[in-house]
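Enquirer: First the structure, which I've put down as structure tokens, then a few questions once you've had a look.
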Amino acid sequence: MTTAAPAPLDNRLFYALVAIGLLLNATGLLVPIIEPDDALYATLPKTMVETGDWVRLYVFGRDWLDKPHFQFWMTAISYSLFGVSSFAYKLPALLFFFGGVYYTYLFARLAYSKLVAQVATLVLLTTFHIILSNNDVRAEPYLTGLIIGAVYHFYRLYRNGPGWHLWAGALLTGCAMMTKGPFVVLTIGSGLVVDWLLTGNWRELLKPRWYVAAILSMLFALPELYCLYVQFDQHPETVVFGRTNVSGIRFFFWDSQFGRFFNTGPIKGDGDKFFFLHTLLWAFLPWSLPLYVSVGQAIGRLVKRQHPLPEYVSLGTGLLMFIVFSLSRFQLPHYLNILFPFYAVLTAQFLVKLSATNLRRWSIGQLVIGLALIGLLVPLMLFVHPNRLTMGLIGMAVVTIVMLLLFRQSDLPSLVGRMTLVMLVVAVVVNVFLFGTFVQYQAGMAAAAFANQSPTLAGRKTFLYGSDTFGESSWTYEFDFRGPTQYVHTDSTLRRQVTNRPMLVFTSAPYADTLTNHGFRVQHVATFPYYHITQPEPAFMNYQTRAATTKPYVLLEVQR
């Protein structure tokens, strides 16, 4: 006797919760770009649009070799359509992530019930670090959509789908390679191989179509190889990483990928094998506990050869890549984001299979986690003391009360409904109120806004001066200022640029003092407080001690 599949969520409820999930991720569009990485990645496509050169990448006015082009091309297209702005920078990344959400639903639907696909969709939309990454935008929103999309098309092809899925999967794989490098092929292919091995379909590895897919993926990635060849391999005299004869193609295939993994490349890290184990605990909130249990349960049943999963792509990708990332010496929390669609499917299938009694227990446990998150946000808001504090606290209370009134049951619809509203509160508080307060301490952004609004400063060329100030606040100035900028690393270089007429200079206060000591005539225009807001310490978060933690950047008029 077969057990009937559980009924899916009511369409009206599901679409309403999806709309809330889309909205809470879109709150990042309201926040300016965040220093330092966002600002760096936002200025690169701005240079593309202004110069018309979409082949070469420049930072500080110098050749730049680190990330591939795809993310910057997408942003440059957005700038061309909507103008250069924080909104235009974040929008394409958000759209790629939304595409990843849709692909997660489609992928889950191939092997599971509609209810599992619905819950997986909502889990992915309401994961804490996903929300953060759609505000602090790097490559991960693009990769999330491209990787789960490629896996869906290849898995659909494996399950007797039409041949066009091979082309679609290869195209998305090629784009993913042009976003992060060839290492993404391991993420896309590992789960498929694990699934074939565990289900006894290892002969799938011998089928020519997968080798055709690999060739097509490389062909779709050729634009990246062409750009690297033109900028670096064709010009061995170019200085990168302090040396010449640097091959961009070698960097793409080895140094940027395996060089980071083995810590042998020009960009090094110091990894901890347990870093991602505790990172996942907070990054996947509020779903981290059911995820851990679902993975443990799936492994246990696999060992006992009992109750096999309908597919092992999710477990294979999620577990194998987690191990690979943990063994790597270069580790950052957002690296896990590309695995979240697979974790969402694992979490969803676990929750859907729970008995009524166990579901009631999990529902209560998740409610406690949700209320604890909101409870932690209240003292945090009072500690930070953002603008419109009272309105924020009232809004938190209203949403919490509505959540408790609308979703009073201990069933699955109430569980996912409560968590969606909890994460709506979290997203608005973190993105709008907290980051909305902290971005005021991005000195470059504030200085650019000041200069843009000044009749005597607007449009004038600005020299961004200093050697160790870059990567702090110069990129937001370069991005937001509506005029030409030029990086100057030494006072001797600045002396050659500055004439007897006043020139606009943006730098830190210590560098401003050196200008006076080196014989420049300096007129102070304005001072702007700076803090590295993505690494906030308690003293900075405390509104009473915040001013003492900042350091000054200054806008100057300098002449000989």
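Using the three backbone atoms N, Cα and C, a Cβ is placed for every residue, glycine included.
Curation plays no part in TrEMBL annotations; they are all automatic predictions.
In case it helps, TrEMBL gives these features for our protein:
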type	residues	note
TRANSMEM	12-34	transmembrane segment
DOMAIN	66-226	domain 'Glycosyltransferase RgtA/B/C/D-like'
TRANSMEM	87-108	transmembrane segment
TRANSMEM	115-132	transmembrane segment
TRANSMEM	166-198	transmembrane segment
TRANSMEM	210-232	transmembrane segment
TRANSMEM	280-300	transmembrane segment
TRANSMEM	312-328	transmembrane segment
TRANSMEM	334-352	transmembrane segment
TRANSMEM	364-383	transmembrane segment
TRANSMEM	389-407	transmembrane segment
TRANSMEM	419-439	transmembrane segment
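Help me picture these features in the structure, burial and contacts included.
Expert: Panel annotation: around the transmembrane segment (12-34), residues 42, 86-87, 89-91, 94, 97-98, 101, 118, 121-122, 125-126, 130-131, 134-137, 413, 416-417, 420-421, 423-424, 426-428, 431-432, 435-436, 439, 442, 445, 476, 479-480, 533-534 of the same chain, lying at least six beyond its termini, place a Cβ under 8 Å from a Cβ of the stretch.
Under 8 Å from some Cβ of the transmembrane segment (87-108) lie the Cβ atoms of residues 21-22, 25-26, 28-29, 33, 38, 41-42, 45, 71, 74-75, 77-79, 81, 116-118, 120-121, 124-125, 130, 134-135, 137, 141-142, 144-149, 151-152, 155-156, 313, 341, 344-345, 348, all in the same chain and six or more residues away from its ends.
The list of residues near the transmembrane segment (280-300) in space but at least 6 beyond its ends in sequence, with Cβ under 8 angstroms from a Cβ of it, reads 123, 126-129, 309, 315, 318-319, 322, 333, 336, 340, 343-344, 346-347, 349-351, 362, 365-366, 369-370, 373, 419, 422-423.
Using a Cβ-Cβ cut-off under 8 Å and counting only residues 6 or more beyond its ends in the same chain, the transmembrane segment (364-383) has close neighbours at 285-286, 289-290, 389, 392-393, 396, 400, 403, 410, 415, 418-419, 422, 425-426, 429, 433-434, 541-543.
Below 8 angstroms of C-beta separation, residues 17, 20-21, 23-25, 27-28, 30-32, 34, 122, 125-128, 131-132, 135, 286-287, 366, 370-371, 373-374, 377, 380-381, 384, 386-389, 392, 395-396, 399-400, 402-403, 406-407, 445, 531, 533, 536 of the same chain, each at least six residues beyond the ends of the transmembrane segment (419-439), sit close to that stretch.
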Enquirer: Looking at the stretches 115-132, 166-198, 210-232, 312-328, 389-407, which one shares the most CB pairs under 8 Å with the transmembrane segment (334-352)?
Expert: 115-132
Enquirer: Which bits of the chain, at least 6 residues beyond where the transmembrane segment (166-198) starts or stops, bring a Cβ under 8 A of a Cβ in it?
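Expert: Long-range Cβ neighbours of the transmembrane segment (166-198): 67-71, 139, 142-143, 146-147, 149-155, 157-158, 204-205, 209, 212-214, 216-221, 223-224, 252-253, 256-258, 261, 302, 308, 311-318, 320-321, 324, 338-339, 342.
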